[in-house]
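The following features are taken from TrEMBL:
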- CYS50: active site, nucleophile (ACT_SITE)
- THR49, CYS50, ASN51, ARG52, SER109, GLU114, GLY115, GLN116, GLN120: substrate binding site (BINDING)
- GLY189, ALA190, GLY191, SER192, MET193, SER194: NADP(+) binding site (BINDING)
- 436-453: compositional bias 'Polar residues' (COMPBIAS)
- 6-156: domain 'Glutamyl-tRNA reductase N-terminal' (DOMAIN)
- 178-308: domain 'Quinate/shikimate 5-dehydrogenase/glutamyl-tRNA reductase' (DOMAIN)
- 323-421: domain 'Tetrapyrrole biosynthesis glutamyl-tRNA reductase dimerisation' (DOMAIN)
- 430-478: region 'Disordered' (REGION)
- HIS99: site 'Important for activity' (SITE)
Amino acid sequence: MSLLVVGLSHRTAPVGVLERAALTGDVPTRLLHDAAATATVAEAALLNTCNRIELYADVDKFHAGVAELSLLLAHHSGVDLEELTSHLYVHYEDRAVHHLFSVACGLDSMVVGEGQILGQLRDALARAQEEHTAGRDLNELFQQALRVGKRAHSETGIDKAGQSLVTFGLEQIAAGAGAIAGKRALVVGAGSMSSLAAATLLRSGVSELLIANRTPERAERLVANLGGGNARTVDLAKVPEALADVDLVISCTGAAGVVIRVEDVASAVAARTGDTPLAFLDLAMPRDVDHAVHELPGALLVDLESLSHAHAATPGAGDVDAVSGIVADEVAAFGAAQRAARIAPTVVALRAMASEVVLAELGRLDSRLPDLDERSRAEITQTVRRVVDKLLHAPTVRVKQLAAEPGGASYADALRELFDLDPAAVHAVSGPPVGAQSTAQVGPQANGPQVNGPQAPRPQTPGQARPANGSLTGEAAR
């Protein structure tokens, strides 16, 4: 597998760009299929959250893969390619694995150490499996990333601050609108983030909790999962009216446009008494709450843009270092296993060829000594096979060990060359790549993405991949 990651996140793009690039509705599915259908891609998966959009692909050509995936991200996001690529980053081979494992551990999150990313990774893998764009390689990669993330949370204190994007946002709300306990709250949406928000609000002691969702059944299911109590559903169409009866609104839907309009907020604020502002926590991308609410007297809006400028409580340096060490160890182990697996088909093909040679020679022996008795023939057969097995044992064991080391791919090439192994025989053992493939016409690689990977080839002018500051990073820069 030659893993390539092309994406953008809160670390490389302002919220305004992330909002315009947000993938909603059936766009993620169409993007997945288009990525898997390109000539250079064998498998593809998409990690699509409020803070990041990342395409993971098994590619056979680095430059063409970067160009095709960048073009597809621009096309499906609707953001101009030239603008988008100035915010893109590119990770390749081991650096791509390192990035994914770091993401799984929460090291790359806006709230460092948050655990919700594991659920989002699980969803990304499930979508790719359902759409048949992920095969054996990406399946193993994402499953390992999930294991690494769980290990980081169980073996370190990376999440001891107990923060998530929801709790971080509620801290900002409490700073401007008072304690959460005793407030009447409304949650718009019933997905994973909304479910976390609802559960967090109940733990925080809200006096009443309303749940609104486009699909009423999902809202009812969420209320049931919360145990009922002071939680109940409200029709999504009645949200404008419900605003006047609550103190706090958390919204996180997958809608493509504004869900809560500034005029509805203005009406709700006008109907309120007291000095406490009507508070909104908008965790959607694109935003659910009209940005103009920021300027409305009597209302407090905390959204992803304002959270990006705030400072969340972070784990101790020791915990971050411990997780970084886990990631480094796991990346090395995963790389060694992948490299060892690559040579296995060559070793199997070599042993198959040796077996064919043994059979051919035994057949020749039969033709020359037709009167040889069965006992003697069996003894000769066992002797020949033992000799061949002993001759092959030490070299094949050693070559597997050497192949697991960095640069080990050359040993498979050496075996094929030395023993004149048929490439088709090796391919037959390893099997065809998993995932749909077809040819596709793409434009030249755009300038812009940051390339990061120890094995990433140096992009050539005029399609040189560059980060926003115009320089390459990692070994590709050398």
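Our numbering is plain: 1 for the first residue shown, then up by one each step along the chain.
A Cβ is built for glycine as well, from the same backbone N, Cα and C atoms used for every other residue.
Note: TrEMBL annotation is automatic and uncurated.
Because the structure is a prediction, the values reported are computed rather than measured.
Around the Cβ of SER109 (substrate binding site), a 10 Å sphere holds 24 further Cβ atoms from the protein chains shown. Across the structure, SER109 (substrate binding site) and GLY191 (NADP(+) binding site) are spaced 19 Å apart at their Cα atoms.
A 10 Å cutoff on Cβ-Cβ distances gives SER192 (NADP(+) binding site) a total of 14 other Cβ atoms nearby, all chains included.
Across the fold, the C-alpha of MET193 (NADP(+) binding site) and the C-alpha of GLY115 (substrate binding site) stand 12 Å from each other. Apart from THR49, CYS50, ASN51, ARG52, SER109, GLU114, GLY115, GLN116, GLN120, the residues listed for substrate, the same chain places the Cβ atoms of MET110, ILE117, LEU165 within 8 Å of the centroid of those Cβ atoms.
Around THR49 (substrate binding site), the same-chain residues at least 6 positions away in sequence with a Cβ under 8 Å from its Cβ are ILE117, GLN120, MET285.
The number of other CB atoms found within 10 A of the CB of ALA190 (NADP(+) binding site), across every protein chain shown, is 26. Cα-Cα distance from GLY191 (NADP(+) binding site) to CYS50 (active site, nucleophile): 13 Å (rounded to the nearest whole number).
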